[in-house]
Structure formats: structure tokens, C-alpha cells
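One structure below.
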Amino acid sequence: KERAMHVGRKKGQIVDTVVQEQRPSVLLELGAYCGYSAVRMARLLLPSARLLTIELNPDNAAIAQQVVDFAGLQDRVTVVVGASQDIIPQLKKKYDVDTLDMVFLDHWKDRYLPDTLLLEECGLLRKGTVLLADNVICPGAPDFLAHVRGCGRFECTHFSSYLEYSQMVDGLEKAVYKGPGSPAQP
């Protein structure tokens, strides 16, 4: 059974709220798919802000670019084709990113933790950077959840919801980076 893999309306409202609260100047999305969430988030950004969205599948990236162009948001959104683990280390030099204000994780769930660690290792997270991860319950990202909730460097909030267009329990995890030296809380 196939399903639409975008964030959907209900979880999209949670994403909207987080973007509106954070007001990011530089937002990174991991997993563009068809461009739905990129457009959804970019429409809420200030005109001077930018969103970079990384998509592994070139066909999906081409569709995402068309959707972004159709929405008139091509000045704010850059669609980057490639593997997240290859692109993240290039963000500072090739894409002129100092640090990220927000990261929306919605790609391969087994990449959530390695990419979070890579973002930190590359110096792209700053105190206050918000990670917002979709589908942390279904299909799930247990290693990511264990890390952000247990390492002491993130302040976490869970938003319960349902998998897009179904009644399967799912959720988003908001993890606010406290800095590299934050001690674990007992």
C-alpha cells in the first residue's frame, strides 16, 4: 500500500507553529520529497530568510524544484540534490551557512541520529537551534530519540499526532540545542 510521504495537514500545523515561533533566518530541511513541507515552511519565512532542502532522489528533487518555482518561492528555497551525509559538511563553504536556526528532519529515519551528530560535528548547530523531527514513532527513530532526550545537549518536546492520512500513532520531536558542553540532566 502506497501513501503520500509528506508531512500532511495535522502535523503541518505543528511545523507551522514551530517555524512561526522560531522565525529562522537559515532553515535546513533533510528530505524534500515533492517540496510540500519546503513550501509550507518557506511561506512563513521572512523575505530575507532562506531554506535549503536536501533530497537524495534526483526525480523527487526535480519535482520539489517545480513545486517551489510554482509557489514563487525560488528566491528563498534552494533544492540540493545529494546524500545528507555528503552535503552537510559542504554547507559552510559551498552554501555560505554559518549556523542553522532550524533543521526539519524528514528523510530516512536511520539517518536522523548520524546526521544530527554530523551537524554538531560540523559546527552548524548553535545554542537555540531547533531540530524538528517527523515520524519519530512511525516508522520511528528510536536511536535519535534516545540521543536527543538523553545526551543533555537538547531540551526536548514531543508532539503526538498521527501518520499522514491514517490513524497510526506518530509524532514529531522538537529538540532545542543547548550547546556542546551542556551536562546531562539527572
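Here the Cβ of each residue, glycine as well, is placed from N, Cα and C on the backbone.
Since this is a predicted model, take the numbers as computed values, not measurements.
Residues D134, N135 are given by Swiss-Prot as Mg(2+) binders; from D101, D106, D110, D115, that same site also lists D106. D106 (Mg(2+) binding site) falls within neither a helix nor a strand when secondary structure is assigned with DSSP, and so counts as coil. Annotation for Q85 (S-adenosyl-L-methionine binding site): spatial neighbours R111, P114, D115, L118, criterion Cβ-Cβ under 8 Å with sequence separation of six or more.
Sorted by the number of other CB atoms within 10 A, the binding-site residues D106, D134 start with D106, the lowest.
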